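Participant: I'd like to ask you about the structure that follows.
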There are 2 protein chains.
Amino acid sequence: MIKGELFIISSPAGAGKTTLTNLLLEEDEKLKRVITYTTRKKRKNEIDGVDYVFVAKEVFELMIKENAFLEYAIVHGNYYGTPKKETFELLNQGFDVILVIDVQGMKQIKSVIPEAISIFILPPSLKELESRMRIRGESEEEIQKRLETAKREIPHWKEYDYIIINENLLESKENLSHIIKSQRFKRQRFNLSLIKDDELRSLML
Amino acid sequence: MIKGELFIISSPAGAGKTTLTNLLLEEDEKLKRVITYTTRKKRKNEIDGVDYVFVAKEVFELMIKENAFLEYAIVHGNYYGTPKKETFELLNQGFDVILVIDVQGMKQIKSVIPEAISIFILPPSLKELESRMRIRGESEEEIQKRLETAKREIPHWKEYDYIIINENLLESKENLSHIIKSQRFKRQRFNLSLIKDDELRSLML
């Protein structure tokens, strides 16, 4: 039995999923992130093993053969994948796990783990999305490519369990935190060992 | 279509449901409480129309005939009931509504409104429950009667959607707040009118 809860966060590039996830991880010690493996080139501000695990195409394809991914995809010619082993290890230790993946990845995971909880983060507007991409210093070509991807991804909001409009970063972080923490009180996750009083526990059996 | 969410809070007397509900109502302006009607005598520290609506037995029985209650019950010889009109008015205005009722009431409401969300609050121990009753200055007879009721009610925790152990009042209030607020981001409750950007909204249709 899986002890933790699996959360899937998706959003168009620039809507804030990575920043939000990092803010959540900082303040919630019961929540862990599984780092995505990728074959894309590392950007200047990224750290290997923190933002992504950067691997060679040959390594990634070997891992596919060994069925090492919970889901994987090719985006803009690069592989991205969620490692199975790390995910289940954390869940079995009782951690909640957050995966930052795209729409296709969400669907793959839901087909294997239907009880995973999916959250779609929307930008307040397309203009805002574009301007956040510009702040990140991406090239005009890259921006246009990502905007097209965003426009293809946004209609899939309807397939997610929860929807958050990221207008204000701290507010959105609070709202995500409500979604994550509320799951911990679901009856299905309640564990009688939390009750220290023998008399009360025996009434609850 | 009902716009708000209906929450049902139950707990043995003394486990803290009323205090917790009042704390929640103070800080969450989207949440409203429907005041229970009762025929029991007003206690010294209670206010009519705030803690309960205190009515005569004849009035209550007339309301039963007029089908004015969402649920009602007799507890220790007194009637308690949730008025239908107030509840639906608040829900239709878009408020979340919190009902503080017992196990039987929860079942009656779930049979009419299955999407209502039920939360059971547990004391950390039976000793703690008893000592909280003593602090409230109840008579020994009253305490014994309520303890017996508590022992009958506690096994029903299994029928609730969420379980909270009320060890620390402020922590429990936060946890209840997570449960209540997280529902506001469920896809089913998402309203396209929240999106002010025409371009983005048209992508989402």
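Here the Cβ of each residue, glycine as well, is placed from N, Cα and C on the backbone.
The annotation domain 'Guanylate kinase-like' is assigned in TrEMBL to A:4-181. According to TrEMBL, the ATP binding site annotation covers A:Ser11, A:Pro12, A:Ala13, A:Gly14, A:Ala15, A:Gly16, A:Lys17, A:Thr18.
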Participant: Could you give the mean pLDDT over the domain 'Guanylate kinase-like' (A:4-181), rounded to a whole number?
Facilitator: 93
Participant: Taking the binding-site residues one at a time (A:Pro12, A:Gly14, A:Gly16), which has its Cβ surrounded by the most other Cβ atoms within 10 Å?
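Facilitator: By the 10 Å Cβ neighbour count, A:Pro12 comes out on top.
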Participant: With a 10 Å radius around each C-beta, find which of these binding-site residues (A:Ser11, A:Ala13, A:Ala15, A:Lys17, A:Thr18) has the fewest other C-beta atoms nearby.
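Facilitator: Ranked by other Cβ atoms within 10 Å, the binding-site residues A:Ser11, A:Ala13, A:Ala15, A:Lys17, A:Thr18 bottom out at A:Thr18.
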Participant: Given the ATP site residues A:Ser11, A:Pro12, A:Ala13, A:Gly14, A:Ala15, A:Gly16, A:Lys17, A:Thr18, which other residues of that chain have a Cβ within 8 Å of the mean position of their Cβ atoms, reported in sequence order?
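Facilitator: Counting only non-site residues, the set is A:Ile121, A:Pro123, A:Leu129, A:Arg132, A:Asn166.
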